[in-house]
Amino acid sequence: MQVCTTIAQIRAQVAAYKQAGEVVALVPTMGYLHEGHMTLVRRARAEGDRVIVWIFVNPTQFENPDDLAKYPRDTERDLAMLRAEGVDAVFLPEVSEIYPEGAETIVETTHLANVLHGAVRPGHFRGVTTVVTKFFNIIQPDVAIFGEKDYQQLQVIKRMVRDLHMPIRIVGQTTVRESDGLAMSSRNVRLAPEDRIAALILSQSLNAAEAATSAGTTVENLRQVIAETIATEPRAKLVGCDIVAAESLSDITGPLTGPTAIMISVEVGGVLLIDQRVVTP
Ligand code: PAF
């Protein structure tokens with residue numbers, strides 16, 4: 001596995017792959033890898049001949065300097081995991097190389113970045129689209145893999161790639177789940193045993209909403225199904241439930257007319273968990 005720390009190194013590596021006619025698949029990460037990332041890596045392996053992973057804790061997507069400082073890092077462990085997975089190259093640059101002195105250019109999806117999570121995290125998605133554009137320009141992959149778990153991020157990236165005519169195929173990888181249905185997250189380890197069982201209510205509420213989905217179902221009805229299902233679990237508290245058009249992320253009301261994204265956040269035993277499902281009437 002090649003570990004590249006400079007733009008020149010990774011470009012030379014990618015040029016060699018392309019010279020050999022190989023399809024380059026990219027997995028973007030901020031490191032501190034877990035099983036969810038490994039699923040993205042395996043998907044990249046299925047989509048391309050060469051797999052490149054970038055590890056970069058992107059400062060411009062953190063609104064709070066404290067969160068950035070506290071972001072967990074363990075590069076040696078990350079590299080060992082990627083090596084074991086047979087990754088071809090890792091790009092691990094310094095912040096100063098990606099954001100040179102005086103850097104002022106930003107990339108922003110003006111609507112999608114500022115709704116839902118974007119409305120409460122101003123500047124977050126602008127930081128994501130800016131850094132992803134930089135890495136796409138540096139690496140020029142044929143395909144890039146993003147997790148569906150960060151549903152809004154995936155839609156933002158797809159829109160940016162379409163709008164800016166970037167010749168890169170964006171693949172959304174379905175959320176990895178524990179065998180009982182709980183979406184994998186580094187937060188799950190913080191759940192006490194009884195909360196771990198209670199947390200199943202997230203996927204169960206989405207199952208109930210999906211079962212209730214039919215051409216006649218309304219957004220209001222789905223919202224009620226989610227709220228009522230979560231309310232059956234006394235250890236869980238529904239914090240947020242966004243039901244929006246799956247691609248535009250626009251607010252919708254009344255009967256479902258097309259693919260609809262349901263995004264929930266639920267607090268269980270003091271731990272905030274998220275899950276999402278796209279349903280089609
Ligand atoms: O999803 C992430 O880990 C980050 O937002 C990404 C896409 C690597 C950009 O920094």
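Every residue gets a Cβ built from N, Cα and C, even glycine.
Curation does not apply to TrEMBL; its annotations are automatic.
Taken from TrEMBL as is:
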type	residues	note
ACT_SITE	His37	active site, proton donor
BINDING	30-37, 147-150, Val176, 184-187	ATP binding site
BINDING	Gln61	beta-alanine binding site
BINDING	Gln61, Gln153	(R)-pantoate binding site
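Taking Leu33, Gly36, His37, Val176, Ser186 as the candidate recorded positions, the subset whose CB lies under 6 angstroms from any atom of ligand 1 is empty. Ranking the binding-site residues Leu33, Glu148, Gln153, Val176, Ser186 by Cα distance from Gln61 (beta-alanine binding site) puts Gln153 first. You'll find the Cα of Gly36 (ATP binding site) roughly 16 Å from the Cα of Gln153 ((R)-pantoate binding site).
The most crowded of the binding-site residues listed here (Met30, Leu33, Val176) is Leu33, judged by how many other CB atoms sit within 10 Å of its own CB.
You'll find the Cα of Glu148 (ATP binding site) roughly 12 Å from the Cα of His37 (active site, proton donor). Looking only at the binding-site residues Gln153, Ser186, the densest Cβ neighbourhood within 10 Å occurs at Gln153. Reported as a whole number, the C-alpha separation between Met30 (ATP binding site) and Gln153 ((R)-pantoate binding site) equals 14 Å. The Cβ neighbour count for His37 (active site, proton donor), using a 10 Å radius and every protein chain shown, is 25. Distance from the CA of His37 (active site, proton donor) to the CA of Gln153 ((R)-pantoate binding site) is 15 Å. Met30 (ATP binding site) falls within neither a helix nor a strand when secondary structure is assigned with DSSP, and so counts as coil. Across the structure, Val176 (ATP binding site) and His37 (active site, proton donor) are spaced 9 Å apart at their Cα atoms. Secondary structure at Ser186 (ATP binding site), as computed by DSSP, is helix.
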